[in-house]
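Features as listed in TrEMBL:
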DOMAIN    62-144  domain 'Lipoyl-binding'
MOD_RES   LYS103  N6-lipoyllysine
Amino acid sequence: MARLIRQITKNTVKTLLFVHETTFISMLKSKNSVRQIAVTHYYKSERKYTDKHEWMMLNGNIGTVGISNYAQDALGDVVYAQLPDVGSVVEKEGECGALESVKAASEIMSPCSGRIIEKNKAVENKPGLINSSCYDKGWLFKIELSNLDELKTLMDEDAYNQYLKSDLH
């Protein structure tokens with residue numbers, strides 16, 4: 001998710017890239033009375049979701065994987081996270097780890113096929129990060145994708161929200 005800020009002054013246009021979630025326009029007056037208009041646009045999430053409630057955020061052919069807010073809420077307080085080993089090869093929808101909470105245990109399923117290139121050691125040491133920050137600090141692992149065509153089977157955020165409202169989950 002990225003926001004584009006354009007600062008327009010009398011003779012210059014500056015463009016910066018940031019992350020956020022809304023849009024606003026503001027008028028500023030500087031000391032020399034030159035008006036500045038700042039337009040901020042926030043792009044919608046590029047997260048993809050599975051029907052098992054894992055999410056994946058892409059950066060080229062690298063996916064960062066975690067569980068959705070719905071999943072962490074259903075699990076309750078996560079007390080243990082077994083994440084896949086770096087270098088291991090996983091298959092789409094294959095079990096690659098586990099989460100244990102005070103209520104239940106749940107397998108972690110890989111959204112796509114590939115090789116694990118990083119795991120979130122902070123989550124292994126402090127599994128509660130999954131509950132407090134499932135989309136940010138509570139990510140689980142990073143995977144180098146081996147079959148980009150598998151991305152077509154994942155849901156975008158709107159489709160995932162519709163899925164949550166349905167009786168299918």
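Glycine is treated like the rest: Cβ placed from N, Cα and C.
Annotation note: the residue listed as 'N6-lipoyllysine' sits in a coil segment as assigned by DSSP.
On the 0 to 100 pLDDT scale, the model's mean across the domain 'Lipoyl-binding' (62-144) is 98. Around the residue listed as 'N6-lipoyllysine', the same-chain residues six or more apart in sequence whose CB sits under 8 Å from its CB are LEU75, GLY76, ASP77, listed in sequence order.
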